[in-house]
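Record features, source Swiss-Prot:
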type	residues	note
ACT_SITE	Cys41	active site, thioimide intermediate
ACT_SITE	Asp48	active site, proton donor
BINDING	Val63, Glu64, Leu65, His82, Glu83	substrate binding site
Amino acid sequence: MKYGEKIVSEFDVEKDLEIWPNEHKRDYLIKMTLPEFSCLCPRSGYPDYATIYLEYTPNERVVELKAIKLYINSFRDRHISHENSANEIYTVLERKLKPKYMKIVADYNPRGNVHTVIEIDSSKL
């Protein structure tokens, strides 16, 4: 097993999703694009691909960039639906960061003539 496969396959969100203190008291928006998300369809086992758009206004914590990359990559061998993967990412980040505002958009590549976009926005909940 290559080192990249090993670190992704052994990623534990509870201990490996590194969170840093936010050193700035002003409000600001962090935007990330994660274009290489993949997981497996829970029904067929076929791969699903998406771009994950994350934006948040931090409170006291921010997520370390390599850690969010590894977390997103840890989905690649999991059988999980579009809805469940987007909601899991949102729930984990909301719990760990406790941001003032957060929005996740999971924009899945079309498969079988269906294009799915899942959006979870704390300002609309």
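Every residue, even glycine, has its Cβ placed from backbone N, Cα and C.
Projection of Swiss-Prot feature records onto the structure.
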{"residue": "Cys41", "record": "active site, thioimide intermediate", "DSSP class": "coil"}
{"residue": "Asp48", "record": "active site, proton donor", "DSSP class": "strand"}
{"residue": "Val63", "record": "substrate binding site", "DSSP class": "strand"}
{"residue": "His82", "record": "substrate binding site", "DSSP class": "helix"}
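Comparing CA positions across the binding-site residues Val63, Glu64, His82, the one lying closest to the residue listed as 'active site, thioimide intermediate' turns out to be His82. Residues within less than 8 Å, Cβ to Cβ, of Glu64 (substrate binding site) and separated from it by at least 6 positions along the same chain comprise Glu18, Ile19, Trp20. Under 8 Å, Cβ to Cβ, and six or more positions away along its own chain, the residue listed as 'active site, proton donor' finds Ser38, Cys39, Leu40, Cys41, His82, Tyr108, Asn109, Arg111. Minimal Cβ crowding within 10 Å, among the recorded positions Cys41, Val63, Leu65, is found at Leu65.
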